[in-house]
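Trainee: Here's a structure for you.
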Ligand SMILES: Nc1ncnc2c1ncn2[C@@H]1O[C@H](COP(=O)(O)OP(=O)(O)O)[C@@H](O)[C@H]1O
Ligand SMILES: [Mg+2]
């Protein structure tokens, strides 16, 4: 029971971490609060569903198609919809507010397209549903794979952003955008790259989620909401915070559901959220200024 | 150095540079030059328009139509800030413009981000550590936790990492203790020896003219005087205008 809950919690948490990393990159660097983030994830779920059930492509291979597609499509969305907002916003605060309104609209567009194409029912496919014996507990292999993938993608991203020059320029933009041009960084380009990267992460999360759970066209907002909580939990703009915050949220949810009452999952999440907002508004890894 | 053709006798040339903030005229038809490897100081009180001028050169703000900024035979008027560094002009701004949450090492690495500097990163880092040995000892320190003087060193070092032909410094001595200011100007004198051109905006008349070849006086948006550093040091007008700030 304990190991089972732990694994379930970590699997959910790994997904939350990926989802939150995408959101925090878009928010920290592009200054865009993307409320359509969860719907991008669901679109990726359906994409891997199609690739699996129509073309017989395993989700592992689907990653190689869906993730680049997430990057390219998000890049296009940035150029089409976000750039005019960036151009007219007098400051970062105005851009954040505008982006909330616009991505709120985008949310319904993506959701509408998915509803028309796939209907409102739960969808899913069976992949690698073989039992694995882990310390005496039986776990489905697809869950372990999902956790593994989430950790690999998350840790790789943290490593790339903290060690490479390219990653360093993105971090510099999130720390002090006004100073970035002094070292030759084009902040508009960095914003576009970060938005596209967030889209690629959403796509990754979507494929990973579709491997082990069912989904509907309308549950995107749940992912967005949880990502928001994790981002604030871990500290706005902090990738390490998003990774640890995501895992933590997954564990708390699962343990509350297993040991207290499944009905209290959301309540527990919000209690942590509220306590943190009151006690440490910058999050675990956030820094003021 | 190949990037500094000897036939260019004027490296930076400002002609009729005018800057407005809305209706407010901050810089009024300023014309000035800096030769390759030359050290030039612009002296002026608060609000004279010194910062605005440096911002226009480095592309952070746009000068009015009719202004011309030429650098090494290129028209760089209106070139965006992130491209200016690549052209060979590095700014150490008022307030230093550092990435406070990052380490000294990361700030310096970012300094070498422009394409012209990437291949030279190792040599530049050696030069910079040679100029500021303390930065070599503090590579892992978060910049925000350093003293004002140390942060100013990081800011200058970061600008030098971009392998500039011209270094712009906006009141580098501002807010520093006198002994730190002395140390800073000794470092600037050595930077000057490396052959890079320096355009320094200062209120510290004696120390800045002490390392300069030439100086301009700026008042209420206009250049009101010009001379060799030695002449300006003994000039009555300079003495009178800056008596309160002479160190
Ligand atoms: N962003 C701005 N908006 C409006 N006025 C400004 C702005 N920046 C500077 N000024 C005005 O322009 C003039 C020159 O300022 P500045 O270039 O900062 O001078 P200095 O660096 O010599 O102190 C001052 O009158 C200042 O109030
Ligand atoms: Mg100033």
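Glycine residues also receive a Cβ, built from the backbone N, Cα and C atoms like all the rest.
Because the structure is a prediction, the values reported are computed rather than measured.
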Trainee: Would you please say which range out of A:74-95, A:140-161 has the annotation transmembrane segment in TrEMBL?
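Mentor: Going through A:74-95, A:140-161 one by one, TrEMBL gives transmembrane segment for A:140-161.
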Trainee: Under 8 angstroms, Cβ to Cβ: which one of A:6-25, A:32-54, A:99-120, A:140-161, A:266-286 has the largest number of such pairs with the transmembrane segment (A:194-212)?
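Mentor: Between the candidates A:6-25, A:32-54, A:99-120, A:140-161, A:266-286, the best contact partner of the transmembrane segment (A:194-212) is A:32-54.
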Trainee: Within the same chain, where does the transmembrane segment (A:99-120) have neighbours whose Cβ lies under 8 angstroms from its own Cβ atoms, ignoring anything closer than 6 residues to its ends? I mean 6 or more beyond.
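Mentor: For the transmembrane segment (A:99-120), the far contacts come to 31-40, 42-43, 46, 77, 81-82, 85, 216-218, 220-221, 224.
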